[in-house]
Amino acid sequence: MRRPLDPRDIPDELRRRLGLLDAVVIGLGSMIGAGIFAALAPAAYAAGSGLLLGLAVAAVVAYCNAISSARLAARYPASGGTYVYGRMRLGDFWGYLAGWGFVVGKTASCAAMALTVGFYVWPAQAHAVAVAVVVALTAVNYAGIQKSAWLTRSIVAVVLVVLTAVVVAAYGSGAADPARLDIGVDAHVWGMLQAAGLLFFAFAGYARIATLGEEVRDPARTIPRAIPLALGITLAVYALVAVAVIAVLGPQRLARAAAPLSEAMRVAGVNWLIPVVQIGAAVAALGSLLALILGVSRTTLAMARDRHLPRWLAAVHPRFKVPFRAELVVGAVVAALAATADIRGAIGFSSFGVLVYYAIANASALTLGLDEGRPRRLIPLVGLIGCVVLAFALPLSSVAAGAAVLGVGVAAYGVRRIITRRARQTDSGDTQRSGHPSAT
């Protein structure tokens with residue numbers, strides 16, 4: 001087991017500018033947009049009237065992951081999140097697998113969020129809008145983390161105002177019927193687990209807080225407080241909105257709705273709120289994308305430092321103190337995906353990768369000693385088992401695609417190890433021959 005990271009051991013340190021509020025807001029910006037506007041309808045399709053139970057399962061697993069991640073982040077306050085924790089606690093391979101799952105899965109999620117903005121702002125040119133948004137937000141991140149935190153705070157405020165209006169309008173209308181919240185015969189365990197897996201994709205934004213370990217002031221104190229706060233606020237928002245929308249639409253109509261919050265306002269007779277909801281959805285997806293690009297670039301930075309990705313990606317800008325090459329490459333890849341990808345496929349693939357990422361986080365937390373801040377063993381154990389179960393409860397196409405891409409990463413890791421081993425053997429042989437010249 002490796003010793004804790006010392007900041008002096010980390011080359012090209014990033015600037016610590018983020019406080020508790022900034023860290024919480026970055027987590028909120030990552031979670032609220034994805035969950036309310038992207039995962040609610042497919043989760044209802046999977047769980048039917050058991051949607052709220054699926055939400056509860058997702059919340060329990062997310063809480064366990066949050067506690068494990070917070071304790072690990074306090075122990076290892078460096079950029080990279082579970083990529084760093086896995087390497088330090090379980091070994092290089094598991095850290096690499098977590099990092100690969102995060103970078104690839106969240107890159108797909110970035111494309112999904114960019115396309116969400118495009119479909120709400122200009123459906124006829126959704127892909128073009130998505131690419132433009134990616135370019136703009138990459139520029140914001142390139143200019144410095146404080147600008148990103150300020151913009152994220154503004155986006156979260158707008159989204160919360162819109163969601164509050166939706167909840168008040170839904171509960172205040174005559175269309176809301178509490179009987180629609182009852183669990184019927186259509187609810188079954190597998191469907192609730194699948195819904196929990198889809199909703200967990202929405203909860204996963206607190207990972208972005210952990211990946212910013214080098215940019216948070218007093219990370220040992222700030223991160224363990226920020227992660228549960230962000231998760232708790234998000235859960236409260238999800239529960240209020242989900243109950244309101246189900247009470248108006250019912251689970252079956254919710255499952256069929258392309259834009260469930262807009263549909264709920266239409267049924268409730270509050271048509272003037274529909275364009276406000278559409279703008280809120282676009283802004284929420286924008287907030288998610290902003291934080292996603294931020295987190296993916298930081299994990300790319302950490303992997304590049306360890307040569308699991310090309311070393312030149314680890315460069316930190318001398319003025320802005322951000323991993324500018326990693327951000328530019330991530331932005332370019334996301335822009336390419338946004339120009340060509342299907343949004344549903346991107347979300348499904350991302351969910352599998354995120355659950356694998358957190359499974360490794362919980363396994364890492366299980367190895368912490370009591371003097372290292374380990375949570376009660378039940379917490380990471382429930383988180384680990386929950387992540388594995390929810391990952392394989394996802395639709396078969398998502399599981400197959402996720403497993404295939406993770407397999408590519410494992411193969412790349414193995415090839416790299418073989419090449420490195422042979423290079424070392426060659427160097428060792430050359431050294432021995434130079435030290436023992438043959439007699440002639």
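Cβ atoms are placed via backbone N, Cα and C, with glycine included.
Annotated transmembrane segment per Swiss-Prot: 24-44 (among others), in sequence order, evidence recorded as sequence analysis.
The transmembrane segment annotation in Swiss-Prot covers 47-67 (among others) and is backed by sequence analysis.
Among residues of the same chain six or more beyond the transmembrane segment (93-113), those with a C-beta under 8 A of the stretch's C-beta atoms are 33-34, 38, 80-87, 130, 134, 201, 207, 211, 285-286, 288-289, 292-293, 295-296, 299-300, 302-303, 308, 330, 333-334, 337-338, 341, 343, 346-347, 349-354, 356-357, 360-361, 363-364, 402, 405-406, 409-410, 413. Swiss-Prot lists 93-113 (among others) with the feature transmembrane segment.
Residues annotated as transmembrane segment in Swiss-Prot, with sequence analysis given as evidence: 117-137 (among others). Listed as Cβ neighbours of the transmembrane segment (117-137) (distance under 8 Å, sequence separation of 6 or more from its ends, same chain) are residues 110-111, 278-279, 281-282, 285-286, 289-290, 293, 331, 334-335, 338-340, 343.
Swiss-Prot lists 155-175 (among others) with the feature transmembrane segment.
Non-local neighbours of the transmembrane segment (183-203) in the same chain are 31, 34-36, 38-40, 42-44, 46-51, 53-55, 57-59, 61-62, 109, 231, 234-235, 238, 251-252, 347, 350-351, 354-355, 389-391, 393-395; each lies 6+ residues outside the stretch with a CB under 8 Å from one of its CB atoms. Summarising the annotation, Swiss-Prot assigns transmembrane segment to 183-203 (among others).
Residues 20, 23-24, 27-28, 31-32, 35-36, 40, 44, 51-52, 55, 59, 62-63, 66, 160, 163, 166-167, 170-171, 173, 175-178, 180-181, 199, 202-203, 205-206, 209, 257, 260-261, 263-264, 267-268 of the same chain lie 6+ residues outside the transmembrane segment (229-249) yet bring a C-beta within less than 8 angstroms of a C-beta in it. Annotation source Swiss-Prot lists transmembrane segment at 229-249 (among others), citing sequence analysis.
Summarising the annotation, Swiss-Prot assigns transmembrane segment to 276-296 (among others). Residues of the same chain lying 6 or more positions beyond the ends of the transmembrane segment (276-296) and with a Cβ under 8 Å from any Cβ of it are 26-34, 36-38, 81, 102-103, 106-107, 109-110, 113-114, 116-117, 120-121, 133-134, 137-138, 140-141, 145, 148, 151-152, 155-156, 158-159, 161-163, 165-166, 205, 207-208, 211-212, 259, 261-262, 265, 327, 330-331, 334.
According to Swiss-Prot, the transmembrane segment annotation covers 323-343 (among others).
Residues or ranges marked as transmembrane segment by Swiss-Prot on the basis of sequence analysis: 346-366 (among others). If one looks beyond the transmembrane segment (346-366) by at least 6 residues along the same chain, the residues whose Cβ comes under 8 Å of a Cβ in the stretch are 38-39, 64-65, 67-69, 71-72, 81-82, 85-86, 88-90, 94-95, 97-98, 101-102, 104-106, 108-109, 111-112, 115, 197-198, 200-201, 204, 207, 337, 374-375, 377, 379-381, 383-384, 387-388, 390-391, 394-395, 397-399, 401-403, 405-406.
Positions annotated as transmembrane segment by Swiss-Prot: 379-399 (among others).
The transmembrane segment annotation in Swiss-Prot covers 400-420 (among others) and rests on sequence analysis.
Just going by CB pairs under 8 A, the stretch in 155-175, 379-399, 400-420 that sits most against the transmembrane segment (24-44) is 155-175.
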